[in-house]
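**Student:** Sharing a structure below in structure tokens format, with a few things to ask.
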Amino acid sequence: MKNEYKLSFFATLTMATGFTIGSGIITQTGIGIAMTGRSIFLAFPVAAILYLICFRPIIILSSVLPSTSASYVYTKTLLSPEAGGLYVYIFFLGRITIAIFGISFVQYLSSIVPIFGDPILSKITAIGVLSLFFIINLFGVKMASIIQNTMFFILLAGLVTFVFFGIGKISPNFFSTATLFTNGFKGFYSAVSLLFFAVGGSYIITDFAPGIKNSKTVIPKIIGFVTIGVCILYMLLGIVGSGIIPVEEAAGKPLTLAARSVFSSHEALFIFFVVGGCLGALVTTLNSSFVWYSHSLINACREGWLPASWAKLNKRGVPYRLMSIFYLFGFIPTLFGVDLTVLSKMAIGLTIMSAYLPMLSIINLPKIYPKEWADSKYAKQYPTWRIRIMVCISSIIMLTQVVALFASNPVASNIIIIVYIMSVSLYLILRYQMQKKKRLQAELNRELQVNIQQEIK
């Protein structure tokens with residue numbers, strides 16, 4: 001790919017920012033306040049720091065071996081094909097996150113149009129929003145991207161407006177010990193884990209590394225810039241969201257409750273915040289999710305981990321069958337009224353688990369790609385012992401986050417995840433054994449043919 005067809009630094013920066021600023025801040029801030037009170041604003045920088053530590057291996061990998069579908073490719077080539085399959089199956093189930101967007105959309109819409117608070121109408125509306133963006137994405141990436149770019153700047157303006165008008169109205173008792181760390185360290189760390197990907201969406205640009213100019217130097221810089229910048233914005237949103245009204249009122253509730261106080265004398269600005277900031281965040285994430293989720297699994301379908309027919313494209317190049325599967329991922333939980341908090345923690349926990357595998361794969365990078373590793377700037381900075389320490393630290397962080405997220409979930413939801421992962425692991429072990437047996441049989445057949453030919457001669 002020639003440089004003129006590659007993404008510039010600025011284009012990559014805006015794309016990474018778009019992947020990061022989205023529904024996470026809208027859907028998870030209230031849940032985080034319920035976990036830790038007003039110390040939610042401290043949970044954002046801690047989450048950002050842990051994110052940059054955990055994803056350092058993947059950032060290094062993307063600099064040394066730029067690749068599309070990066071996480072899957074690194075897992076498959078540096079660990080094993082079976083590990084690649086495990087990544088696919090965990091990533092696949094984690095896409096239940098798509099259900100969050102429609103449910104949250106209706107929560108915010110009902111704050112300006114109360115009739116949408118009706119249980120039946122709310123479900124119909126949530127499914128309608130999900131269906132609308134599903135149909136839009138069936139017409140191809142170009143149409144989806146036009147909508148995405150337009151709504152992103154409206155979204156950013158809405159969030160900044162909320163901070164600008166609200167920061168001067170926070171409670172003078174904001175730093176009262178009674179409202180900070182309301183559930184101790186356990187609650188605080190649960191909030192940190194919940195917000196891990198709210199500040200950490202920029203890693204998705206590693207999937208586009210071959211299409212980015214000077215990706216080896218640009219990607220690490222952009223991930224750092226975007227994570228820090230978004231973290232600062234989210235800290236301010238957390239301060240306003242938890243500091244305008246009593247903590248017990250903000251806990252577990254949408255940001256619209258705080259926004260009512262922020263814009264108490266500016267109804268038009270309140271509507272702009274809800275429509276541009278809240279609804280904008282949800283629909284931009286929903287819109288981009290259909291594209292990212294479906295395209296990221298095309299190769300996995302073609303390589304046999306998922307049904308090959310799912311990767312079939314329509315005339316606009318859209319993997320419509322995969323996209324339809326993810327539409328059902330959103331439709332079914334919405335129809336049955338699955339709890340938003342449980343859904344969020346399950347989805348984020350599964351996403352962290354899937355991210356663990358490509359992170360772990362860096363251990364084998366110097367051995368499997370010695371030339372590429374030796375030619376990189378990281379070879380001298382990261383001897384083998386340092387790589388192992390980096391992986392150990394990342395492993396501890398990711399493990400503790402998954403435990404923190406799942407600890408307070410209903411037992412039934414945790415059992416479903418455990419049974420799913422155990423079933424997938426058993427399938428992969430059996431598949432490996434069968435393929436190993438086939439390879440041995442093929443080698444024996446070749447040796448037998450050679451012996452027969454020698455005897456004939």
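Each Cβ is built from the backbone N, Cα and C atoms, and glycine gets one as well.
Look at TrEMBL and you will find 7-34, 40-65, 86-108, 120-139, 151-168, 188-210, 222-245, 269-293, 322-340, 346-366, 387-406, 412-430 tagged as transmembrane segment.
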**Student:** For the transmembrane segment (7-34), what are the same-chain contacts with Cβ under 8 Å, counting residues 6+ beyond its ends?
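**Tutor:** 40, 43, 100-101, 104, 108, 148, 152, 155-156, 159, 191, 194-195, 197-202, 204-205, 208, 211-214, 218-219, 222-223, 225-227, 229-230, 233-234, 237-238, 241-242, 247, 250-255, 277-278, 281-282, 284-286, 288, 340-341, 344.
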**Student:** Against which stretches of its own chain does the transmembrane segment (322-340) lie, if we need a Cβ under 8 Å and a gap of at least six residues from its ends?
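**Tutor:** Same-chain contacts beyond the ends: 27, 31, 95-96, 98-104, 119, 123, 126-127, 130-131, 134, 137-138, 289-290, 293-294, 297-298, 301, 310-311.
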**Student:** Could you pull out which residues elsewhere in the chain have a CB under 8 Å from any CB of the transmembrane segment (269-293), counting only those six or more residues past its ends?
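**Tutor:** For the transmembrane segment (269-293), the far contacts come to 18-19, 21-27, 95, 97-98, 101-102, 104-105, 108-109, 111-112, 129-130, 133-134, 136-137, 141, 144, 147-148, 151-152, 154-155, 157-159, 161-162, 165, 204, 254-256, 259-260, 262-263, 322-323, 326-327.
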**Student:** Is the transmembrane segment (346-366) in contact with the transmembrane segment (222-245), using at least 3 Cβ pairs under 8 Å (sequence separation of 6 or more) as the test?
**Tutor:** no
**Student:** Any contact between the transmembrane segment (346-366) and the transmembrane segment (412-430), i.e. 3 or more CB pairs below 8 Å with pairs at least 6 residues apart?
**Tutor:** yes
**Student:** Same-chain Cβ contacts of the transmembrane segment (412-430) under 8 Å, 6 or more residues past its ends?
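**Tutor:** Same-chain contacts beyond the flanks: 82, 85-86, 89-90, 93, 342, 346, 349-350, 353, 406.
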**Student:** If we skip the immediate neighbours and take only residues 6+ beyond the ends of the transmembrane segment (86-108), which ones have a Cβ under 8 Å from one of its Cβ atoms?
**Tutor:** 23, 26-27, 71-72, 75-76, 116, 122-123, 125-127, 129-130, 254, 256, 274, 278-279, 282-283, 285-286, 289-290, 293, 296-297, 300, 305-306, 326, 329-334, 338, 340, 343-344, 346-348, 350-351, 353-354, 357-358, 417, 420-421, 424-425, 428
**Student:** Report, as numbers and ranges, which residues of the same chain sit near the transmembrane segment (120-139): CB under 8 Å and 6 or more residues beyond its ends.
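**Tutor:** Same-chain contacts beyond the flanks: 98, 101-103, 105-106, 109-110, 147, 283, 286-287, 290-291, 314, 316, 318, 320, 323-324, 327, 330-331, 334-335, 337.
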